[in-house]
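**Q** This is the structure, below, for whatever I ask next.
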Amino acid sequence: MERSLALANMTRVQQFILLGLSTRLDIRDALFAVFLTLYLLTLLENTLIIYLICSHKELHKPMYFFLGNLSCLEMCYVSVTMPTLLMGLWNGLYHIPFIACMTQLFFFIVLVGTECILLASMAYDRYVAICRPLHYPVLMRPQVCLGLAMISWLGGLLVSMIKTTCIATLSYCGPNVLNHFFCDVSPLLNLSCTHVALTELVDFISAIVILWGCFLTTMASYVAIGRAVLRMPSTTARYKAFSTCASHLVVVGIFYSVTIFIYARPKRIEAMDLNKVLSVIYTVVTPMCNPVIYCLRNKEVQVALHRTMHWS
């Protein structure tokens, strides 16, 4: 009772202070230039991918439909997290209002959840293409692809609504300094002045269901693909089948290795500097590299790109 009264008398935090990626004055300007360049490059690359898919009929296939969704998602990723990162590097400490912080958290969780489900959908598409090629036109017809994409986005939205509501309803009485470059789950839970056991449980369960559930679904698809590829009679056929999956497998490996380490742990390891570095990988580096990874391994995208460059 006394604790409840004490908490009620405390002033609720109206804003948070983001420490940013680095507080070293001697490298902040250089980092700002680097990350601004990466931001613009990411937007350019993913916009180009979406344009190629929309403007070339030979890319109007399920695999590229999902790739277009992924490119859109990557653009949203950097647009949600990069502004506060850049402002922190430009101004030093960045003050973000409570509502803005929760809004950023909401959209970030939406994107993480959506990407998990979307990557699993892309793995299923490759599974059907290689393991059940005769049924591919039926199993991956446009209505199914659209449904999988909608499930991905709505699934991320649902998870985010639950998690963000739990975190936003906690009490934050001070201190209000977040050791991160954007509003993320773990730093916010560390600042709450109320019990967070229930919120941590919700966070952990959602991580298990979304991260591990989609990861295991993706891996099951690739195990089946691997078995099918090994049974193919010719080396050429095996190489062709594997090449259609290699890019996606690289993207999946990078994404899940980082996100599972950060979010799917039963106990938060106090290593925020490490978490910030890992967060940079999947919020900045991965969105920039994904279009390059897909273009380097995909001849159809390369042909479409060459045609576009020739027309221009």
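Glycine is treated like the rest: Cβ placed from N, Cα and C.
Bear in mind that the values here come from a model prediction, so they are computed numbers and not experimental data.
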**Q** Please verify against Swiss-Prot: do Leu21 and Val223 share a side of the membrane?
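**A** Topology check (Swiss-Prot): Leu21 vs Val223, domain names differ.
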**Q** Identify the transmembrane segment range according to Swiss-Prot, selecting from 221-241, 242-262.
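**A** Checking Swiss-Prot against the ranges 221-241, 242-262, the transmembrane segment one is 242-262.
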**Q** Which residue does Swiss-Prot record as N-linked glycosylation site, given the choices Asn9, Asn69?
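**A** Going through Asn9, Asn69 one by one, Swiss-Prot annotates Asn9 as N-linked glycosylation site.
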**Q** Could you pull out which residues elsewhere in the chain have a CB under 8 Å from any CB of the transmembrane segment (92-112), counting only those six or more residues past its ends?
**A** 12-20, 23, 28, 73, 76-77, 80-81, 84, 153, 156-157, 159-161, 163-164, 167-168, 172, 182-185, 188, 210, 259, 263
**Q** Could you state the CA-to-CA distance between Cys101 (disulfide bond) and Asn190 (N-linked glycosylation site) to the nearest Å?
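**A** Computed Cα spacing between Cys101 (disulfide bond) and Asn190 (N-linked glycosylation site) is 15 Å.
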**Q** Does the transmembrane segment (242-262) come close to the transmembrane segment (30-50), meaning at least 3 CB pairs under 8 Å for residues 6 or more apart?
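**A** Between the transmembrane segment (30-50) and the transmembrane segment (242-262), contact is absent.
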**Q** Does DSSP give Cys193 (disulfide bond) helix, strand or coil?
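**A** Where Cys193 (disulfide bond) sits, the three-state DSSP reduction gives coil.
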**Q** Looking at the disulfide-bonded residues Cys101, Cys193, which sits with the largest number of other Cβ atoms within 10 Å of its Cβ?
**A** Cys101
